[in-house]
């Protein structure tokens, strides 16, 4: 049987979606805007606190003055959803990198035929990494209004949390696409 020089669709989908998911999850992990606190009592009306999993920033909308490294006076970083996110989000990023390296070894780039088993294993790793970042994002969203904030302030979801969600979903879909390689592996056997 002659080798086909085409990379299977599921591998292309996985190798496109997973790096995109990695970039979104990385941005969501590092940017300090998982939650936005506005209309803080005893503060000017245009002051917004941006809370992430690593930092709290204070921004004044009228002048765009932004100061990060604000003191955590309410115990925000001690809350369980924030601590879980601090552990799982970086772990997910590392696992995604490992999964992408394994995926590149399984996809036909420098060999006549793709390695379906290797690509399928990479899909499982990437699926797991997507789930690892989806769990803290979901939990944080559920506890968004229960996390400590100044009484009377207004809370809203920040873009970093949305990016983390989107990145997680892309990694899950890309990982599932790569796991379809197991089907071709089984057909070959």
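Cβ coordinates are placed from backbone N, Cα and C, and glycine is handled just like the others.
Among the features that TrEMBL reports, transmembrane segment is placed at 12-31 (among others). When Cβ-Cβ distances below 8 Å are used as the criterion, the transmembrane segment (12-31) is approached by residues 52-54, 89-90, 92-93, 96-97, 99-100, 103-104, 107, 119, 122-123, 126, 130, 133, 137, 159-175, 177-178 of the same chain, each at least six residues removed from its ends.
The transmembrane segment annotation in TrEMBL covers 88-110 (among others).
Same-chain residues lying 6 or more positions outside the transmembrane segment (117-139) and placing a CB less than 8 Å from one of its CB atoms are 11, 14, 18, 21, 25, 28-29, 53, 81, 84-85, 88-89, 91-93, 95-96, 98-100, 102-103, 105-107, 161, 164-165, 167-172, 174-182, 185. As annotated by TrEMBL, transmembrane segment applies to 117-139 (among others).
Taken from TrEMBL, the feature transmembrane segment covers 159-182 (among others). Distant neighbours of the transmembrane segment (159-182): 8, 10-11, 13-18, 20-29, 31-35, 52, 89, 92, 96, 99, 103, 106, 114, 116-117, 119-120, 122-131, 133-134, 136-138, 140-141; these residues of the same chain sit at least 6 beyond its ends, with a Cβ under 8 Å from one of its Cβ atoms.
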Let me spell it out: take the transmembrane segment (88-110), skip the flanking residues so only those 6+ beyond its ends count, and list any with a Cβ under 8 Å from a Cβ in it.
5, 7, 11, 14-15, 18-19, 21-22, 25-26, 28-29, 53, 116-123, 125-126, 128-130, 132-133, 135-136, 164, 168, 171, 175, 178, 181
